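Chemist: Encoded as C-alpha cells, here's the structure I'll be asking about.
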Amino acid sequence: MQNRFLESITQLDKPLANALVPLLHDQFCGHIDASQFAGLVKASGKTEQQVLMDLLPIAAALANPPISEFYVGAIAKGSSGDLYMGANLELPGEALFHSVHAEQSAISHAWLSGETEIVDIIVNFSPCGHCRQFMNELVNGSKINIHLPNQETQTLAHYLPYAFGPSDLDVTVPLLCKREQEFNCDSDDPMIIEAIDQMGLSYAPYTNNNAAVVLETNDGATFCGRYAESAAFNPSMQPMQMALSNLIRNNRQYSEIKRAVLVESSVGKITLVGAAMDALHAIAPIELQHMVVEPLLG
C-alpha cells in the first residue's frame, strides 16, 4: 500500500479497510472500477452511498496543497459505474488561480479515462461556485447528483439555480461528449504525437484554442492534460494544471519531470503558453516545448 494512504485507511471500518488495501497498490491513482466498487460495498455491509462517503479520506490523500494545507477529496462516478478520485492541487509560490479544485481533478480523471457522462459527485466539503460552474459545463451537468457528508443529496441545479452555461453561448456539444478534431502532425516523436492526439480531444468551443500538455518523467512515463473551457471563462481548466494533477494523482513527483510539451491550435483566439510556462517553472527547472499546429479541414 502506498504511504500516502496509511493515515486515511485508519479512518475506515475494518471490513472496508481490509477489502480496500489490496487496491491501494503502487499503481493506484484513484480509479476504482464498477466491479471493484461492488466488491467494496459487499465487503463493508453498507450502502453504496455510505461507502462513497467512507472513501473520501482516500481521495483527499491524493491532494497536494502546500499553500492552504487544506485537503479536499472528490469522487466522480461515471455512467459506467466506475469511480474516479481527485483532489486539490496548489502550486508553491504561485498565484491562486493556478490551483486545481478537487472536483475538477476528479472530473478530468474521468474525462481522460474515456467517461462520457458523470452522474454523481461525492465531495467532503460543499463545492465552491467555481466548481459548480465547471460542473455545469458537463453533459447533463444540471442533473449531476451532489453528495455531501450529513446533507441530503441534491442535483447541481439545486446548488446552481438560474445557471449560465454552454447553451447560453450556443454551444450544443458540452464537455465529455465524444468529439475529436484532427490536426496536422508531421512529427515522428511519440510524445508530440501523443500531445496532438490529446489536443484533438480537448474542449475549446469559446476560443477554438484546442490544446494539450504532455509531461514525460525520467523513466519514460507520460502524463497528459487537455484544455477544458467553461462558459464562464475563469473556471476553465488549463492543460498544464490537468497534466500536473494527473502526475500527482499517479504518485509521481515534480522532480521526476524531464520534458514538457504544449501543443495548441493555429486558429485559436488565445495562447496558453504563458500560463503553462508559469505553472511549469513553479515546480520544475525545465523549458517548455511549444508547438502550434494546423487543424485538418474536411
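Cβ from N, Cα, C; glycine included.
As annotated in Swiss-Prot:
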type     : residues               : note
ACT_SITE : Glu103                 : active site, proton donor
BINDING  : Asn88, Leu89, Glu90    : substrate binding site
BINDING  : His101, Cys128, Cys131 : Zn(2+) binding site
DOMAIN   : 47-167                 : domain 'CMP/dCMP-type deaminase 1'
DOMAIN   : 186-298                : domain 'CMP/dCMP-type deaminase 2'
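Looking at the shown structure, what environment does each listed feature sit in?
Modeler: In the three-state DSSP scheme, Glu103 (active site, proton donor) is classed as helix. Within 10 Å of the C-beta of Glu103 (active site, proton donor) there are 28 other C-beta atoms, taking all protein chains into account.
On its own chain, Asn88 (substrate binding site) has Ala63, Asn64, Pro65, Ser68, Phe70, Tyr71, Val72, Ser99, Val100, His101, Ala102, Ser105 as residues at least 6 apart in sequence with a Cβ closer than 8 Å to its own Cβ.
Cβ neighbours within 10 Å of Cys128 (Zn(2+) binding site), excluding its own Cβ and spanning all shown chains: 14. The secondary structure of Cys128 (Zn(2+) binding site), as reduced to three states from DSSP, is coil rather than helix or strand.
Per-residue confidence over the domain 'CMP/dCMP-type deaminase 2' (186-298) averages 97 (mean pLDDT, predicted model).
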Chemist: Please list, in sequence order, every residue of the chain apart from His101, Cys128, Cys131 whose Cβ lies within 8 Å of the Cβ centroid of the Zn(2+) site.
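Modeler: Filtered neighbour residues, in order: Ala102, Glu103, Gln104, Pro127, Gly129, His130, Arg132, Phe134.
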Chemist: Within 10 Å of the Cβ of Leu89 (substrate binding site), how many other Cβ atoms are there?
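Modeler: So the Cβ neighbour count for Leu89 (substrate binding site) comes to 26.
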Chemist: Return the residues near Glu90 (substrate binding site), defined as same-chain residues 6+ apart in sequence whose C-beta is under 8 angstroms from its C-beta, sorted by sequence, else 'none'.
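Modeler: Asn64, Pro65, Pro66, Ile67, Ser68, Leu96, His98, Ser99, Val100 - these are the non-local Cβ neighbours of Glu90 (substrate binding site), listed in sequence order.
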Chemist: Identify all same-chain residues not among Asn88, Leu89, Glu90 whose C-beta atom falls within 8 angstroms of the centroid of the substrate site's C-beta atoms; report them in sequence order.
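Modeler: Here the non-site neighbours turn out to be Ala63, Asn64, Pro65, Ile67, Ser68, Ala87, Leu91, Ser99, Val100, His101, Ser105, Ser245.
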Chemist: Rounded to a whole angstrom, what is the C-alpha distance between Cys128 (Zn(2+) binding site) and Glu103 (active site, proton donor)?
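Modeler: Cys128 (Zn(2+) binding site) and Glu103 (active site, proton donor) have their Cα atoms 10 Å apart.
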Chemist: Between Leu89 (substrate binding site) and Cys131 (Zn(2+) binding site), how many Å separate their Cα atoms?
Modeler: 14
